[in-house]
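Encoded as structure tokens, the structure appears first; notes follow it.
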Amino acid sequence: MNVLLGGFVIFATFVTLCNASCSFIPNERFPGDSTRECTDLKGNKHPINSKWKTDNCERCTCYKTEIICCTLIATPVGYDKKKCQRIFKKEDCKYIVVEKKNPKKTCPIDQWIL
């Protein structure tokens, strides 16, 4: 059991370091444990099969064996970087791209990454 958990932690770390759009958090279980909830990284409890949005713009789901959190943020990369700048709107979990000289005017975007 410890070997499996250790392997999973290494895998989760690898996925996170690779700038993945999702991260995996093992749900700690002990023999005889019948807990029907997950504990997130802030210590909050969530029922199995529940979903929630985090403060850092991730959508998380609690499963029996793990919590999976995936980013909700699409990052614009295909725009005129000399003429425009991207601005992150945390309240909406999204970027907007506006002209540097006239921030009221948006710029066209042709590529996004998750």
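One-based numbering along the chain as shown.
Placement of Cβ uses the backbone N, Cα and C atoms for every residue, glycine included.
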For CYS93, which disulfide partner does Swiss-Prot record out of CYS22, CYS38, CYS57?
CYS57
In Swiss-Prot's disulfide listing, CYS60 is paired with one of CYS62, CYS69. Which one?
CYS69
In Swiss-Prot, CYS38 is listed as disulfide-bonded to which of the following: CYS18, CYS62, CYS70?
CYS62
CYS84 has a disulfide partner in Swiss-Prot; which of CYS22, CYS107 is it?
CYS107
In whole Å, how far is CYS107 (disulfide bond) from CYS62 (disulfide bond) when you measure between their Cα atoms?
38
Disulfide-bonded residues near CYS69 (disulfide bond) (Cα-Cα within 10 Å), from CYS38, CYS84, CYS93, CYS107:
none
Given CYS57 (disulfide bond) and CYS22 (disulfide bond), what distance in Å do their CA atoms have, once rounded to a whole number?
12
